[in-house]
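Taken from TrEMBL, the feature domain 'Lipoyl-binding' applies to 3-78. Annotated compositional bias 'Low complexity' per TrEMBL: 87-99, in sequence order. Taken from TrEMBL, the feature region 'Disordered' covers 87-109. The compositional bias 'Pro residues' annotation in TrEMBL covers 100-109.
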């Protein structure tokens with residue numbers, strides 16, 4: 001088994017932190033891919049986070065009611081993968097959104 005430390009993801013909107021509102025899992029629970037495991041609240045909305053991994057929850061790193069920065073590990077999952085992973089260190093950066101193409105210049109008469 002390997003250990004995955006799941007960080008608070010950037011849920012968009014340019015926000016840098018969120019509050020852990022309610023855990024939907026506890027240590028020892030089996031977690032499935034895409035299963036909602038926590039509710040977080042940003043300055044703009046309440047968000048349910050789905051798991052990107054399957055495994056067994058081994059530790060909740062942040063208590064309900066606490067506010068944490070994006071990238072802070074919040075959950076530890078034991079998986080059947082071959083090696084330990086710190087998702088915050090190995091996750092690819094968000095893809096940049098390409099700029100809109102410049103308007104075409106008018107044709108010369």
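Glycine is no exception: its Cβ is also placed from the backbone N, Cα and C atoms.
What TrEMBL says about a protein is an automatic prediction, not a curated fact.
A mean pLDDT of 95 is what the model gives for the domain 'Lipoyl-binding' (3-78). Remark: secondary structure over the domain 'Lipoyl-binding' (3-78) totals 0 helix, 40 strand, 36 coil, with classes taken from DSSP.
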